[in-house]
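Novice: Feature list, courtesy of Swiss-Prot:
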REGION    1-323  region 'Terpene cyclase'
BINDING   Asp92  Mg(2+) 1 binding site
BINDING   Asp92  Mg(2+) 2 binding site
BINDING   Asp92, Arg179, Ile180, Tyr181, Asp182, Asn223, Ser227, Trp228, Glu229, Lys230, Glu231, Arg316, Tyr317  substrate binding site
MOTIF     92-96  motif 'DDXXD 1'
MOTIF     223-231  motif 'NSE/DTE'
REGION    324-713  region 'Prenyltransferase'
BINDING   Lys436, Arg439, His468, Arg485  isopentenyl diphosphate binding site
BINDING   Asp475, Asp479  Mg(2+) 3 binding site
BINDING   Asp475, Asp479  Mg(2+) 4 binding site
MOTIF     475-479  motif 'DDXXD 2'
BINDING   Arg484, Lys562, Thr563, Gln598, Asn605, Lys615, Lys625  dimethylallyl diphosphate binding site
Amino acid sequence: MEFKYSTLIDPEMYETEGLCDGIPVRYHNNPELEEIDCLRCHEHWRENVGPLGVYKGGLADQWNGISIAIPEALPDRLGVVSYASEFAFVHDDVIDIAQHGNEQNDDLRVGFEQMIDAGAIKYSTSGKRALQSYIAKRMLSIDRERAIISLRAWLEFIEKTGRQEERRFNNEKEFLKYRIYDVGMLFWYGLLTFAQKITIPENELTTCHELAIPAYRHMALLNDLVSWEKERASSIALGKDYCINFIFVAMEESGISEDEAKERCREEIKLATVDYLRVFDEAKDRIDLSHDTMLYLESLLYSMSGNVVWGLQSPRYYTDAKFSQRQLDWIKNGLPLEVRLEDRVFGLSPSEDRVTHQAVIENGLPESGLGKNGNSSNGVDVNKALLSAVLHEHLKGHAVFKMSDHEVKVKASNGRSLDTKVLQAPYEYITGLPSKRLREQAIDAMNVWFRVPAEKLDLIKSITTILHNASLMLDDVEDGSELRRGNPSTHTIFGLSQTINSANYQLVRALERVQKLEDSESLLVFTEELRNLYIGQSMDLYWTGNLICPTMNEYFHMVECKTGGLFRLFTRLMSLHSTSAVKVDPTTLSTRLGIYFQTRDDYKNLVSTEYTKQKGYCEDLEEGKFSLPLIHLIQAMPDNHVLRNILTQWRVTRKVTLAQKQVVLGLMEKSGSLKFTRETLASLYSGLEKSFTELEEKFGTENFQLKLILQFLRTE
């Protein structure tokens, strides 16, 4: 293969854990093209489909997914291929968390069928058709023949995998046969051949796919290894007792532990590496394979190694992985403005192509790109010459294509429209951070009993999510937290003023949704629990700011207000709008759930390695919070001068050093404070189980989904 667009990477610069030994790694010379189109995809999704937040797909700090897995992508194709891959990631995540994934797949399938059969994609209420149309139109404008091949491959991939989301696999062999297709063998074939301008002769296609199987087995297994935690969490969220992942299948079939299953997965990946290297070496000696087939087979080697390097450091799978500074700047300030061409449009289908294969949709979108000097507004350098050449080459004779802007518009007094994009940016950021979505899961589980109609249930979920994320934004400001879920806290990116303003605006959004429930009692519940939440937070802040240690009773009263309030809010709203014949007061369960959750959080803050990655080491001590273990310690050692002076120093410096934290933890062990907290958690959990059992008996319905959530909270 002749390398024109990529650079060989020094093995000292990346980690493979021995999962692709013998295969070099290359990286595209212009990864900014991928970054722009991935972030553009996020913007389009928000405008046409719904909230997305700071989405974690193909981008990463050091190695972006497409730039390292298709390093020889033609520069004028890298962007749209990255956009298509990012769209597939987002859609895949929707499938993972949706109760009816087949419906989501059907909508995608119909869109591609319309484009291929009729040359146009009709509008759909899902909004995803607009993005499909955008992908198709850009690809067709570049290379109609290969674009159609790529889109057909994508369609075939959806048709082959979309009906098996509920399937359970009996053995590893059966699973891997399915997984090779599920990981996107046909989808990747379409992207790779389009990106590198490869055409596989029809008579070699079957042979080509057969030879490629070890490579796709390698990529499928690697995906299962790095995505295990993410996929397991999705299964729990949906109340499933199985997971479509090699690690789960290996555990089930062989009765082995999770660690043993992971090691088995690693060994299978290494075996697939050896198998494909052998297949490729043998293929090089064949005279019946065309140049393009060999180019495709060789390119798969770099897809394998690139997938390993990207997968092992991707924010998509690892919450402690980061974006690059350039990516963070673009996320915060928006994409750079494109080279200011006369018509200010991007890659559209040539006019002569419109009759046969033009993906038409009657809405449009303003594009973004570079400023006058090839720099973004925040000063980030971008390869202007390359982008300009790519743009000019594919803008000749192109017609305007846009997608509609669904941003909420507000009329100013002078009649001009104001939008909420800037106002919502901090909120969108925090909603995009990794989350277990416990409250949404709990709402779905509680609905086994309450049977709230879908439309009202969605409103209750939205109200809960909005208030929860707004409270996190304000909590981090008030506590001075620098990390949230392993990422920079919202105010460290957007500043205090913008974050507070955005968080306050969320109360307006939540209230608008309460009004849609169309009853005065819902408004009363909303104001009561919102009041409780603020009262609880005020008590917490007062004790911290004035170095006043509360009693145990005062602490639990604060938690009942602050954390229990949101749990009570959604259960009370569900009870109001329940269609169940059984009328039950759920407040005892929801209050106990809130208290248990906060106490558990206090404990994990001190002892959990995962929590350290998410929020920092012993963050509650750093913030001067009076958590349950600290309250017990102060009561157990009221005259300990070391402890008192550490707390006093915090009031002066507002900092607790690592050494000081370790001293406090040592005192907690010595005084039995951590043991006391564990025992308290056990007692609280017993009360939680009692309330749960009582509700099961009253409703006369077993709630396996809620029970699974409670077990997850206890054992996590």
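Just so you know, glycine gets a Cβ as well, placed from its N, Cα and C.
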Novice: For Arg484 (dimethylallyl diphosphate binding site) and Glu231 (substrate binding site), what Cα-Cα distance in Å is obtained after rounding to a whole number?
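Specialist: Between the alpha carbons of Arg484 (dimethylallyl diphosphate binding site) and Glu231 (substrate binding site) there are 21 Å.
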Novice: Determine, using Cα-Cα distances only, which of these binding-site residues is closest to Thr563 (dimethylallyl diphosphate binding site): Asp92, Ser227, Tyr317, Asp475, Asp479.
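Specialist: That would be Asp475, nearest by Cα distance.
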Novice: What average pLDDT is reported by the model for the motif 'DDXXD 2' (475-479)?
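Specialist: In the predicted model, the motif 'DDXXD 2' (475-479) has a mean pLDDT of 82.
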Novice: Let's check the environment of Lys625 (dimethylallyl diphosphate binding site): how many other CB atoms sit within 10 Å of its CB?
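Specialist: Other Cβ atoms found within 10 Å: 16.
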Novice: Provide the three-state secondary structure of Ser227 (substrate binding site) computed with DSSP.
Specialist: helix
Novice: Does Ile180 (substrate binding site) have same-chain partners at least 6 apart in sequence with Cβ under 8 Å from its own Cβ, and which are they?
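Specialist: Once residues fewer than 6 apart are set aside, Ile180 (substrate binding site) is near Ile213, Tyr216, Arg217, Ala220.
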Novice: Nearest of the binding-site residues to the residue listed as 'Mg(2+) 1 binding site' by CA-CA distance, picking from Glu231, Arg439, His468?
Specialist: Glu231
Novice: Is it possible to get the count of other C-beta atoms within 10 angstroms of the C-beta of Glu231 (substrate binding site)?
Specialist: 18
Novice: According to DSSP, does Arg484 (dimethylallyl diphosphate binding site) fall in a helix, a strand, or coil?
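Specialist: Once the DSSP labels are grouped into three classes, Arg484 (dimethylallyl diphosphate binding site) ends up as strand.
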